[in-house]
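Note sheet for the following structure.
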């Protein structure tokens with residue numbers, strides 16, 4: 001009886017994973033809802049529902065958006081640093097040590113150390129989409145569930161009780 005209870009629990013978990021919404025490219029997932037995103041420099045103050053839209057609030061001066069729900073205080077460069085970029089409602093302050101020299105090319109900030117005569121590069125890696133991860137996880141859990149169900153049915157039909165009471169058990173047992 002325990003394998004049957006475990007199988008039912010596993011099925012309920014699998015159904016819950018299947019109910020998870022996958023939002024469109026122009027939406028963000030807030031809780032269990034797919035909502036339109038807030039504008040630049042705004043944070044979510046109330047999640048949307050099926051009947052209401054998301055409520056957004058601009059971050060106050062001296063803060064920037066950090067995630068979907070938070071405004072974080074801007075960093076203040078200390079005396080050993082120079083400010084490269086001011087804090088805005090969408091980005092934190094960028095500070096760097098004073099012993100570096102800076103130069104700009106169109107749209108790109110570079111810095112070069114005086115002592116080592118080389119350019120430092122910042123690499124930004126694009127994350128994998130959560131949708132692909134969720135799809136593979138759901139498929140894996142589904143396949144494990146099917147395998148467990150098959151093993152449970154084989155064990156049930158091979159048991160002596162099933163062979164004595166069920167004619168289909170006898171037929172199934174002979175074919176294995």
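Each Cβ is built from the backbone N, Cα and C atoms, and glycine gets one as well.
What Swiss-Prot records for this protein:
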SIGNAL    1-20  signal peptide
REPEAT    58-95  repeat 'TNFR-Cys'
DISULFID  59-71  disulfide bond
DISULFID  74-87  disulfide bond
DISULFID  77-95  disulfide bond
TRANSMEM  134-154  transmembrane segment
Which ones in the same chain are close to residue 87 (disulfide bond), with CB under 8 Å and 6+ residues apart in sequence? 62, 64, 74, 75, 93
Residue 77 (disulfide bond) sits from residue 71 (disulfide bond) (Cα to Cα, rounded, in Å) at a distance of 19
Quick check: in three-state DSSP terms, what is residue 77 (disulfide bond)? coil
Mind giving me a neighbour count for residue 71 (disulfide bond)? Other Cβ atoms within 10 Å of its Cβ, every protein chain shown. 19
Cα of residue 59 (disulfide bond) to Cα of residue 77 (disulfide bond): how many Å, rounded? 20
If you tally other C-beta atoms within 10 angstroms for each of the disulfide-bonded residues 59, 77, 95, the top scorer is 59
With H, G and I counted as helix, E and B as strand and the rest as coil, say where DSSP puts residue 59 (disulfide bond). coil
